[in-house]
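According to Swiss-Prot, the protein carries these features:
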BINDING   G244, P245, P246, G247, T248, G249, K250, S251  ATP binding site
COMPBIAS  328-340  compositional bias 'Gly residues'
COMPBIAS  497-512  compositional bias 'Acidic residues'
REGION    307-340  region 'Disordered'
REGION    467-520  region 'Disordered'
SIGNAL    1-24  signal peptide
Amino acid sequence: MKEYWTSLASLLGVLAFCQSLMQSIFPPELRFAFLKFFNRIFHVFSSYCYFDITEIDGVNTNELYNAVQLYLSSSVSIAGNRLSLTRAVNSSSITFGLSNNDSIVDTFNGVTVLWEHVVTQRQTQTFAWRPLPEEKRGFTLRIKKKDKTLILNSYLDYIMERANEIRRKNQDRLLYTNSRGGSLDSRGHPWESVPFKHPSTFETLAMDPRKKQQIMDDLKDFAEGQVFYQKTGRAWKRGYLLYGPPGTGKSSMIAAMANYLGYDIYDLELTEVHSNSELRKLLMKTSSKSIIVIEDIDCSINLTNRKKNSSNVSSQRSYYDAETRNGSGSGSGGSGEEGGNGNTITLSGLLNFTDGLWSCCGSERIFVFTTNHIEKLDPALLRSGRMDMHIYMSFCNFPSLKILLKNYLGYGVEDINGDVLKEMEMVVEKAEMTPADVSEALIKNRRDKEKAIRELLEDLKSRGERNVKDGKLRGGSGNLTELEVVEEQEKRAIDSQNEDEDHDEEEIELEDNICKTRED
């Protein structure tokens, strides 16, 4: 044994001497060329081929990387020896993942492949036009050369299908918001996310059942309409405008839509977006099967009716697109600073965000705008193709009142005295109480259901009498039905749009006459 260790020590000494001799005789370039040649010879005689899937592809996140990560997370819990366990805040499940620089064996159609999760430190960059993550992440797929042509394409297609299936089954939807001031997170993403666990559904939503069914049918047709949109040459997207008084359930409607379709939500805070280009970058980083929300759009930036701000619009206008002309002016889109925060988003930038060329960089996405005052919005935001469906979130009516009684008290129509029910039906329209007001009245007395019914009826009566006395019913328009209110509000917006178009045509005609005079 002693002789063995002596021989081993002598051999190591010889190897160390040879290494130092090679480093002193052969330059680094020659050694590098030799290693490169040796690797090529090794790969020629190797029976395997390797495929690298990096996390970031150019400026965008590699969708295949995300799909592989999701696919392997469903199998490593069974087959992996070393796992990475994570659980997000407010999440209801633990996520399994492959540890850094660890590997796992997978089988597809009888062929065995090897996946390795490669994580290396990124070299410090002296200059970069955008920050990159400190770590380079990727997966390496090892397949035998003889199996490459047999399974590679079908295996990757299978991974994409399985990843989409896992996303659909995953109950933890995500709620995203854009980072403050356009900053990026540690992975270079402009969106921050938390698990979305809002309990609102269409069953609990206080709204006329016929209207809810109409919205649900429209959402279902959209989600199943990929072939239809391709056949008609339209981008696979849809826009919804939710408008009505505060407390009528606009946010609950958005949550119900997300839960019904299983989509993630991107809550876009426009006041944190400083330019049109930044808005486009945010759009590029959104995923398919998502709802992009801009709440209270009339309050976010200056996108109100251009006619009301016509005195601030620049006199130098293009001849071709009235909407883009006015959107880039200082009065409509806020070119220049908005509120002193350097916000230069224009109306044309927002319109291109919703239905321009950049809106087609993804598919199966829904845009939802909310506002309390539809008449204040610029008519360019309201036309079909941008906001395809206008949904009026009304005051509490009798059908929605019955839903609230069922939700909060567990009372059906048959559980309430008939005379009391008739009184409620007679006064609920005149009271103009929002679903939020009715819900609060029921919540505070939910332990005493009879008292809750009694006090709610008294509140409905007193508010109805006060509205009739003060002439405030339906905003002073008299006792109008919900349909008449919707028609009246949208008619005002359309009339405003026609007036703007007439005003633009007059200016274009005047400019044409000036040009002709100069030519003569």
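Cβ coordinates come from backbone N, Cα and C, glycine included.
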Could you work out which of the binding-site residues (G244, P245, P246, G247, G249) has its C-beta surrounded by the smallest number of other C-beta atoms within 10 A? P246
Within 10 angstroms of the C-beta of T248 (ATP binding site), the count of other C-beta atoms across all shown chains comes to 24
Return the residues near K250 (ATP binding site), defined as same-chain residues 6+ apart in sequence whose C-beta is under 8 angstroms from its C-beta, sorted by sequence, else 'none'. L242, Y243, G244, E295, T370, M393
Setting G244, P245, P246, G247, T248, G249, K250, S251 aside, what same-chain residues sit with their Cβ within 8 Å of the center of the Cβ atoms that define the ATP site, listed in sequence order? N372, M393, T434, P435, A436
Within 10 A of the CB of S251 (ATP binding site), the number of other CB atoms across every chain shown is 17
Coarse DSSP state, helix versus strand versus coil, of G244 (ATP binding site): coil
Assigned conformation of G249 (ATP binding site) - DSSP reduced to three states: coil
